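Undergrad: Pasting the feature list from TrEMBL:
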ACT_SITE  His42  active site, proton acceptor
BINDING   Asp43, Gly48, Asp50, Ser52, Glu64  Ca(2+) 1 binding site
BINDING   His167  heme b binding site
BINDING   Thr168, Thr222, Asp227  Ca(2+) 2 binding site
DISULFID  Cys11-Cys90  disulfide bond
DISULFID  Cys44-Cys49  disulfide bond
DISULFID  Cys96-Cys293  disulfide bond
DISULFID  Cys174-Cys206  disulfide bond
SITE      Arg38  site 'Transition state stabilizer'
Amino acid sequence: MLDAHYYDQTCPQAETIILDTVRNAIVHDPKVPARILRMFFHDCFIRGCDASILLDSNPGNLAEKDGPPNISVRSFYVIDDAKAMLETACPHTISCADVIAIAARDVVAMSGGPYWTVLKGRKDGRVSKANDTINLPAPTFNVTQLIQSFAKRGLEVKDLVALSGGHTLGFSHCSSFEARLRNFSSVHDIDPSMNSEFAEKLRKQCPKTNKDHNAGKFLDSTSATFDNDYYKQLMEGKGVFGSDQALFGDYRTRWIVEFFAKDQSLFFREFASSMVKLGNVGVIENGEVRRKCRVVN
């Protein structure tokens with residue numbers, strides 16, 4: 001069983017060490033919060049929260065981090081740095097999986113979002129396969145596909161809508177939403193669920209022959225601040241991903257979007273409780289504590 005006080009005796013300074021590392025990283029790179037939050041999500045969604053996303057590929061195995069949806073997950077060095085400090089302070093004690101879970105909470109809180117108590121005691125997995133990343137929810141999913149994907153991990157519709165709000169810190173490259181901007185279907189050039197002025201803006205940012213590999217769009221208009229702006233954007237037809245906008249287009253999720261758009265403190269409470277729930281997915285209690293997060297012991 002995971003426990004809030006898991007390291008109280010063995011490494012009481014663990015959370016402070018992680019917090020300081022994360023804070024220093026953000027000073028140098030403002031993209032760190034979105035990246036760490038996504039790392040936690042992508043880790044827990046594959047084999048449960050077991051830090052399998054941190055393992056490097058080797059000649060015999062292509063690891064999760066090299067699967068197509070994870071190529072753009074960056075900032076692994078933040079977890080490496082925190083882990084190196086922890087190994088000095090309390091050797092072989094804190095799992096890499098717990099470092100990700102704590103860092104994800106810290107980046108949300110530091111960006112103006114809610115703070116919650118992270119339950120600890122996860123162990124690190126030894127298996128990481130790039131092919132498994134096919135199981136991550138795609139930006140093209142409709143609500144039925146999203147609900148099914150989350151249900152497989154024991155997460156409900158409310159968790160789906162709350163955790164999607166993590167996109168308040170996100171950035172997307174053009175490739176993830178381009179299909180909505182041109183030749184969307186035989187009837188519509190542009191995805192009809194998209195605000196037309198917004199679509200025009202995006203078409204300018206993502207021209208047909210796009211030479212700029214960094215081109216893209218922040219997923220809400222206050223991308224450095226964790227807030228409920230994401231939901232307000234959805235209500236205006238300004239969701240960047242089809243899977244985001246779908247949440248407002250479906251009766252099963254629309255009412256929750258409306259609640260979160262109206263009441264930020266409600267969103268914060270629900271986000272925090274869904275993050276705790278996500279952090280419980282597929283927890284291994286008899287694995288190992290990796291000394292270096294990129295390789296098994």
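Glycine is no exception: its Cβ is also placed from the backbone N, Cα and C atoms.
Quantities reported herein were computed from a predicted structural model and do not represent experimental measurements.
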Undergrad: Just going by other Cβ atoms within 10 Å, which of the disulfide-bonded residues Cys44, Cys90, Cys206, Cys293 has the emptiest spot?
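TA: Counting other Cβ atoms within 10 Å of each of the disulfide-bonded residues Cys44, Cys90, Cys206, Cys293, the minimum falls on Cys90.
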Undergrad: Calculate the distance in Å between the alpha carbons (Cα) of Cys96 (disulfide bond) and Asp43 (Ca(2+) 1 binding site), and round it to a whole number.
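TA: Taking the Cα atoms only, Cys96 (disulfide bond) lies 11 Å from Asp43 (Ca(2+) 1 binding site).
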Undergrad: Suppose we draw a 10 Å sphere around the Cβ of Ser52 (Ca(2+) 1 binding site). How many other Cβ atoms does it contain, all chains included?
TA: 26
Undergrad: Out of Asp43, Asp50, Glu64, Asp227, which of the binding-site residues has the smallest number of neighbouring Cβ atoms within 10 Å?
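TA: Relative to the other binding-site residues in Asp43, Asp50, Glu64, Asp227, Asp227 has the fewest Cβ atoms within 10 Å.
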Undergrad: Find, for the listed disulfide-bonded residues Cys11, Cys96, the residue with the lowest Cβ contact count at a 10 Å cut-off, counting only other Cβ atoms.
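TA: Among the disulfide-bonded residues Cys11, Cys96, the sparsest Cβ neighbourhood within 10 Å belongs to Cys11.
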Undergrad: Spatially, which candidate from the binding-site residues Asp43, Glu64, Thr168, Thr222 is nearest to Cys90 (disulfide bond), comparing Cα atoms?
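TA: Spatially nearest to Cys90 (disulfide bond) by Cα position is Asp43.
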Undergrad: Where Thr222 (Ca(2+) 2 binding site) and Arg38 (site 'Transition state stabilizer') are concerned, what is their Cα separation in Å, rounded?
TA: 17
Undergrad: Among His42, Cys49, Asp50, these being the recorded positions, pick the one whose CA is nearest to that of the residue listed as 'heme b binding site'.
TA: His42
Undergrad: Quick check for the class: what is the C-alpha distance, in angstrom and rounded, between Asp227 (Ca(2+) 2 binding site) and the residue listed as 'active site, proton acceptor'?
TA: 21
Undergrad: Near Ser52 (Ca(2+) 1 binding site) in space, meaning Cα within 10 angstroms, which of the recorded positions do we find among Cys11, Thr168, Cys206, Cys293?
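TA: Taking Cys11, Thr168, Cys206, Cys293 one by one, the ones whose Cα falls within 10 Å of Ser52 (Ca(2+) 1 binding site) are Cys293.
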Undergrad: Of all the recorded positions here, Arg38, His42, His167, which one's CB has the most other CB atoms within 10 A?
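TA: Going through Arg38, His42, His167 one by one, the largest Cβ count within 10 Å is at His167.
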Undergrad: Within 10 Å of its Cβ, which one of these disulfide-bonded residues (Cys49, Cys174) has the largest number of other Cβ atoms?
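TA: Of the disulfide-bonded residues Cys49, Cys174, the highest Cβ count within 10 Å belongs to Cys49.
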Undergrad: Calculate the distance in Å between the alpha carbons (Cα) of Gly48 (Ca(2+) 1 binding site) and Cys174 (disulfide bond), and round it to a whole number.
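TA: So the alpha carbons of Gly48 (Ca(2+) 1 binding site) and Cys174 (disulfide bond) sit roughly 29 Å from each other.
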